[in-house]
């Protein structure tokens, strides 16, 4: 997409030059630019281009004056960022604070290991069952969001997670909590659809920054979970921790009825009146003008079809993204679990020697988390915030692909440095840096994925990527907790090698979405628009 250009003649008559946001500069039918010019007959005037600044709304006298039709993309860009998007940020952010349900895994595991005398494989299974639920449901929630609406899929998944999250606090035995946490995971699999809904209401220039900023709610959720555990665990115990961890989702449940359905989804599904009403509502709340003319309904397409992820335009993108998301979750949650193990041991070398000491002991040997463990866990959790800031600073400078690649490379380097027998302070610093960058890579993937897929498959694309991430998260407990017992060095090598491959995959992604509008259609010209206007002719293959 390019900024709208408005030109004013030097005489009394106004001549306006306008380019529709998101419109390809090349057309298969006529090969002409998407730029239109209207002049008063008999008057020739020199045009003086006026370019809007970042985030500026289109002035009322210039709001799409030359076309009698406009698209949702035009309206979103013309209305700009305002009060509506701020409210949306808070509400979708509350859903995103389900990080508490994930962070609790590293706190709950050692507690139940000691309290219920669980062997290490059952502790690992307790973590993995959550990711089994997420993996099995992510594609389903994506399909529901593409077929029945973003708002519908998000509301159902959050209410599901809230219900079973509270119920798991009342589990009497291991088998009960195993099933209930699996059902919590099933609900969490749909929460990433909040990013799909959120992204579709954001103007192009604000999109990356805003998606990254709601990731702050993830970081806030992890920090709040550790602080909550410090207060609740010594007094009320793990059951109350599980119940109180559902608070952000409870707040979302009370506020979610304010959420509108995505106007992009409504247009694609043929609900023109509803989409127009939503856009007018946003314009009113933001105090900005609506574009003039009639809202164009996109050509009706099948929505939420898996085959559309493997068309020539998106085949390699889909496969590479699946591996990138797998590596992100595998490494991120692996580090979360490793942090607990490393802090209990003191350093990597202490883990190796301690494993030798306890080799002959019963597998039920356990250690509760100490106050020092919670403090260090809090410090490494706070690294989520620098991760957001670093990603925020570089993502619009070097692009989405390079941001992901850099994040994986730094994580891999920190993992290799853990081979050294460093003290607890240096260990904390390395874990802090590693977590900051791997969380930053995750955030960059959440920006890139909704941008690269068209509206008809955006939720499904994000859902399948999220599902692949859960495969990585499902495997990682057996690496970070079980393999660790055999060899800490092999464990670190697995994580480092995986991230090196993911950095390469990021570089090989065929499409860079920096500075591009969201695709409304999967038509050929939109595929060309996403790859770039100047690098291909209309007849060339985009693979």
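Placement of Cβ uses the backbone N, Cα and C atoms for every residue, glycine included.
Nobody curates TrEMBL annotations by hand; they come from automatic prediction.
What TrEMBL lists as domain 'Major facilitator superfamily (MFS) profile' is 87-514.
What TrEMBL records for 520-543 is region 'Disordered'.
Beyond the ends of the transmembrane segment (88-109), by six or more residues, the same chain brings 123, 126-127, 130, 154, 158, 161, 165, 184, 188, 191, 194-195, 197-198, 201, 210, 213-222, 224-226, 228-229, 233, 238, 241-242, 245-246, 248-249, 251-252, 255-256, 258-259, 333, 336-337, 339-340, 369, 377, 381, 481 to within a C-beta distance below 8 angstroms of the stretch. As annotated by TrEMBL, transmembrane segment applies to 88-109 (among others).
The transmembrane segment annotation in TrEMBL covers 121-144 (among others). Long-range contacts of the transmembrane segment (121-144) within its own chain (CB-CB distance under 8 A, at least 6 residues past either end) are made by residues 101-102, 105, 108-110, 112-113, 152-153, 156-157, 174, 177-179, 181-190, 192-193, 304, 306, 333, 337, 459-464, 466-467, 469-471, 473-475, 477-478, 481-482.
The transmembrane segment annotation in TrEMBL covers 156-177 (among others).
Per TrEMBL, transmembrane segment is recorded for 211-232 (among others). Below 8 angstroms of C-beta separation, residues 89, 92-94, 96-100, 102-104, 107, 194-195, 198-199, 202, 240-241, 244-245, 248, 371, 374, 377-378, 381-382, 384-385, 387-388, 391-392, 395, 439, 443, 446-447, 450 of the same chain, each at least six residues beyond the ends of the transmembrane segment (211-232), sit close to that stretch.
According to TrEMBL, the transmembrane segment annotation covers 238-259 (among others).
Positions annotated as transmembrane segment by TrEMBL: 313-333 (among others).
Counting same-chain residues at least six beyond the ends of the transmembrane segment (403-420), those with a Cβ under 8 angstroms from any Cβ of the stretch are 324, 327, 331, 335, 342, 348, 391, 394-395, 427, 430-431, 433-434, 437-438, 440-441, 444-445, 448, 489, 492-493, 495-497, 499-500, 502-504, 506-507. Residues or ranges marked as transmembrane segment in TrEMBL: 403-420 (among others).
Below 8 angstroms of C-beta separation, residues 192, 195, 207-208, 211-212, 215, 218-219, 321, 324-325, 328-329, 331-332, 335-336, 339, 342-343, 346-348, 376, 379-384, 386-388, 390-391, 395, 400-401, 403-404, 406-408, 410-411, 414-415, 417-418, 465, 499, 502, 509, 513 of the same chain, each at least six residues beyond the ends of the transmembrane segment (426-448), sit close to that stretch. Taken from TrEMBL, the feature transmembrane segment applies to 426-448 (among others).
When Cβ-Cβ distances below 8 Å are used as the criterion, the transmembrane segment (460-480) is approached by residues 124-125, 127-128, 131-132, 134-136, 138-143, 145-146, 185, 189, 192-193, 195-196, 304-306, 308-309, 314, 318, 321-323, 325-335, 337-338, 341, 445, 449-450, 452-453, 491, 494-495 of the same chain, each at least six residues removed from its ends. The transmembrane segment annotation in TrEMBL covers 460-480 (among others).
Using a Cβ-Cβ cut-off under 8 Å and counting only residues 6 or more beyond its ends in the same chain, the transmembrane segment (492-511) has close neighbours at 316-317, 320-321, 323-324, 327-328, 330-331, 334-335, 348, 401-402, 404-406, 408-409, 411-412, 415-416, 418-419, 438, 441, 448, 452, 479, 483, 530-531, 543. TrEMBL lists 492-511 (among others) with the feature transmembrane segment.
Long-range neighbours of the transmembrane segment (313-333) within the same chain, counting only residues 6 or more positions beyond its ends whose Cβ lies under 8 Å from a Cβ of the stretch, are 102, 105, 131, 404, 408, 411, 435, 438-439, 441-442, 445, 448-449, 452-453, 461, 464-466, 468-473, 475-477, 479-480, 495, 498-499, 501-502, 505-506, 508-511, 522, 527, 530-531, 542-543.
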